[in-house]
Amino acid sequence: MTGRLVAGGPGDGHFLEIMASSAERRFQALVLAPVRRVQRRLNGVAWAEAGIVPVWAAATACVAARLLMRGGALWVLPVFLVAGLVGWWLRARGRSVSIQHAAVLADRSANAGGLLLTCLERPAGEWELSVNQFAQAVRPPQLRWHLPAGALAGAVLFLAAGLLLPLPPPTVRPRNAAASSMVAAVQAKAEALAREEPLGAPMEEELRRLAEEAAEGRFDSTDWEAVDGVEKRLAERAAEAAAELAGAAEAARELEEALTAAGSAEGASLEREQLERALMGLGGEGEQGGEGAQDAQARASAQAAGPLDQISDLRKTLERRQGQLAERFGQGNANQPGQGPGQRRSGTSGKSAGTPGKEGEGEGEGEGQKGQAGQSGHASRSVKEGSGSGVARGGGSQPLVFGDEAEMDPERLKFQPLPAGQGGEAGALWGLRAAEPPKDGVPGALPPAVRGPSAQGEAAPGHSSTPLLPRNRDLVKRYFGGP
């Protein structure tokens, strides 16, 4: 067997393969093992440094999503975490350390003089013993791994604290009471107007937006301007609807009076046609409001074509609707329920007219003069009291009234002397030096008492008679002159 092996029998190839594999294992164990240890250390530090930014970004995004989205952040957290891991892998892939770079560092740490690098390219041969010694002398490099490790640990702790700590209660902005009451009042007016005619989609959307802004506490100056504009448009449309209701009620009243007076059939038919035209004009804008407005219009038309009691009920209904609309929009006594335009005109003319020989009918009793009309005196006395009327009260608007120029009574400013002992006597007025006040139109002499008391003192001469001291004589000559 030995001769076969020496002579190169068929088992030589297998023996050589065994020898080659054993040499490869020795090379892996002695040379490549310390080099790969150095490579793993370098790659670990490089990967840790590359993951600082992606991990912190993912952790911050997760915590911010939980604070902002609250209940809806559960499905967003995995997305942020996966994105952070992908970014970490992409950054670390470009920073991986190669085996050649690790071998250079290992050769330098063992002071092998390039022998380890040579063994990576060619067999060791006779230098195998030296290579083994240098490989055992390889030391791991000194790396600054505390900074990236601390940064990654801080990111993990921050993420855990942000996900586990309880959320603060949601901040609720204080509601503006004035804005809420204003919006509620405008909505009430809109509901009252919606019973007469449709508001339209734009106005309904604007009212809904204003209600949401007031409920969330975000009512600003722009919203105040918007609510003022909506209120103005509602008032204009309410005035138009009130005018149409007033016209329809007046037409119903005239038809009722014509039927009550048992007039001619031609006159009754003419009044009925006017009422039908007024009702058609009243329901023209309500045709788009739905079936309720159409049904009301049909019932009103049927009542207009019916007997006297139905026409009377129609008139009362129209006046009641007009009064409700006027009460909601603050139009005051001008549009009270049960008072039609004819009654208002007759009542106004009856109150404003006066008869000669009687006092004027107004607020101030006894202010009117006999022999004049009821409108005599100041024009402001004809302004009536009540809600919605007057100069500065009520919801309605009244013209500013100016009367005649007020006359001044000269007797009220007539000169009257003061009572005795209270300044009427000239001698009792101390300190007057300019002139004596006239008494009964005649100027008097100035008594000694008026001049006031004089200061009492000694009659001896002063210091002017004594000679000046030498130190003062030159000063007096300098400023005043003299010998």
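Indices start at 1 and increase along the chain as displayed.
Placement of Cβ uses the backbone N, Cα and C atoms for every residue, glycine included.
Feature annotation from TrEMBL assigns compositional bias 'Gly residues' to 282-292 (among others).
Positions annotated as compositional bias 'Low complexity' by TrEMBL: 293-305 (among others).
Under the heading compositional bias 'Low complexity', TrEMBL lists 330-350 (among others).
Feature annotation from TrEMBL assigns compositional bias 'Gly residues' to 387-397 (among others).
Positions annotated as region 'Disordered' by TrEMBL: 282-309 (among others).
Here TrEMBL flags 327-483 (among others) as region 'Disordered'.
Through the fold, the transmembrane segment (46-67) approaches residues 73, 76-77, 80-81, 83-85, 87-88, 91-92, 95-97, 145, 148-149, 151-152, 155-156, 158-159, 162-163, 167 of its own chain, all at least 6 residues removed from its boundaries and within a Cβ separation under 8 Å. TrEMBL lists 46-67 (among others) with the feature transmembrane segment.
Residues 47, 50-51, 53-55, 57-59, 61-62, 65-66, 163 of the same chain lie 6 or more positions beyond the ends of the transmembrane segment (73-90) yet place their CB under 8 Å from a CB of it. As annotated by TrEMBL, transmembrane segment applies to 73-90 (among others).
Taken from TrEMBL, the feature transmembrane segment covers 149-167 (among others). Same-chain neighbours of the transmembrane segment (149-167): 48, 51-52, 55-56, 58-60, 62-63, 66-67, 70, 77, counting only residues six or more beyond its ends whose CB sits under 8 Å from a CB of the stretch.
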